[in-house]
Amino acid sequence: MTSAVQRWSFLALFCSFGQMIAFGTFQTWYSTHELSYLSEFKISWIGSLQLCAFFFMGGPIGWLFDAYGPFPLLVTGTVTSVLSLLLTSFATQYYQYLLAQGVLFGLSVAVLFYPSISSVATHFTEYRATAIGITAAGSGLGGVLYPILLRYLFRTIGFGWALRALALLSAVFGTIAIFTVSVRLDCKKKPPLLVGIRLINDREYLLLVAGSFFVCMGIFIPYVYISEYTASLHVRPDAAFYVLSIMNAGSIVGRILPAWLSDVLGRFNLLCPSAFFSGLLCLVFWTFANNFATVATFAGFYGLFSGAFISVITPCIAQISQKSEIGTRIGALYTLVSLPSLTSGPIAGALLQAHNGSFMAAIVFSGSSMIIGSAFLFASKLSINKRVFCRV
């Protein structure tokens, strides 16, 4: 049963979060086609609204998962994801893209993602990080395939029909997840609403939230702008799309291998370095990447370390939570990081405009935010056990 839950949760993440982290493909396409009359700053709000809606709904959806289980949430998420893609395919005005692809699709990803991840967390204890990492690799695989698929569909059948094809794919995978993802925990008893009061007094959890806040201020900027950065180097048009797939391919490895290592070496012991090295790669490597080979190398390694953070953060929350509160606590953290997720893309876009198209300021902002976040994550680890090299 546990392996089956992993497999079908994998599909749910493939067609939801996997598609969301491929937004860089849309960002590049919109800037030269449907929304070419808008600045990069304005276009980036679509992707930022996706992330904000996704993270903001974490708390309510986590509580609903603990109360009612995954089934009603997966049904809602599948229906809304299909609807959002269909509405986007007919969009003609900027506000329509903001509402359909930004807000509605972000909400649908949230309603699919949290129950899928939380369901896996209830089935595993000893190898929870590995199990979640394998499941989360579904989003990485989606991030690899969607840019390639979208590039092909945009050129062959056009933007509108490409989105309708994605809607069909989401309907199929979402329906499979509805009838196969289950929860081990008895969810008939609603979790208490006073959980929030306990969270305020939980030092390691609050430090974990603070660290995640700063990390999320920078971690998605490369995913949104790497295709556009590559295009600015005057490489082949296809290369700009494929570099995002390379980044997401690295994140597949980053979701599985570090997750397994975290079960052996300690989850917090992998979380802190993954955030630190993600930021360091931006500051040291991305700033000097001036051709396709160096950008592709950066993309692969960045995907590896950022994927590790995305994969290990959930098991870290589960590790310091009671089983009956896993969904609520995961959701609460994601809700609190919705603000940096909303503003990071537009901030990077504004920096890009302010510096006449130079990416340097946006890159420094992204890397610095993640390194600051890693310091808070390390403090969270020390609050659990003050021995630096202890397995935590």
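Even glycines carry a Cβ here, placed using N, Cα and C.
Note that the structure is predicted; figures quoted are calculated from it, not measured.
According to TrEMBL, the features are:
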DOMAIN    1-385  domain 'Major facilitator superfamily (MFS) profile'
TRANSMEM  12-31  transmembrane segment
TRANSMEM  43-64  transmembrane segment
TRANSMEM  71-91  transmembrane segment
TRANSMEM  97-117  transmembrane segment
TRANSMEM  129-149  transmembrane segment
TRANSMEM  161-185  transmembrane segment
TRANSMEM  205-227  transmembrane segment
TRANSMEM  239-261  transmembrane segment
TRANSMEM  268-289  transmembrane segment
TRANSMEM  295-318  transmembrane segment
TRANSMEM  330-352  transmembrane segment
TRANSMEM  358-379  transmembrane segment
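The transmembrane segment (161-185) shares the most Cβ pairs under 8 Å with 71-91, out of the stretches 71-91, 129-149, 268-289, 295-318, 330-352.
Tallying C-beta pairs under 8 angstroms between the transmembrane segment (330-352) and each of 205-227, 295-318, 358-379 places 205-227 first. Two recorded stretches are said to be in contact when at least 3 C-beta pairs lie under 8 angstroms, sequence spacing 6 or more; the transmembrane segment (295-318) and the transmembrane segment (12-31) fall short of this definition. By the count of Cβ pairs under 8 Å, the stretch nearest in packing to the transmembrane segment (268-289) among 43-64, 97-117, 239-261, 358-379 is 358-379. Across the candidate stretches 43-64, 71-91, 97-117, 358-379, the maximum count of CB pairs under 8 A to the transmembrane segment (205-227) is reached by 358-379. Residues 9, 12-13, 15-17, 19-20, 26, 30, 34-35, 45-58, 61-62, 65, 69-70, 73-74, 76-78, 80-81, 83-85, 87-88, 91, 132, 135-136, 174, 177, 181, 314, 327, 330-331, 334 of the same chain, all 6+ positions outside the transmembrane segment (97-117), place their C-beta atoms under 8 angstroms from a C-beta of that stretch. Counted over residue pairs 6 or more apart, the CB atoms of the transmembrane segment (239-261) and the transmembrane segment (43-64) come under 8 Å in fewer than three pairs, which marks the two as apart. Between the transmembrane segment (12-31) and the stretches 43-64, 71-91, 129-149, Cβ pairs under 8 Å are most numerous for 129-149.
Counted as Cβ pairs under 8 Å, contacts with the transmembrane segment (43-64) are highest for 71-91 among 71-91, 129-149, 358-379.
Sequence-distant neighbours of the transmembrane segment (358-379) (same chain, 6+ residues past either end, Cβ-Cβ under 8 Å): 207-208, 210-219, 221-222, 225, 229, 232, 268, 271-273, 275-276, 278-283, 286-287, 340, 344, 347-349, 351-352.
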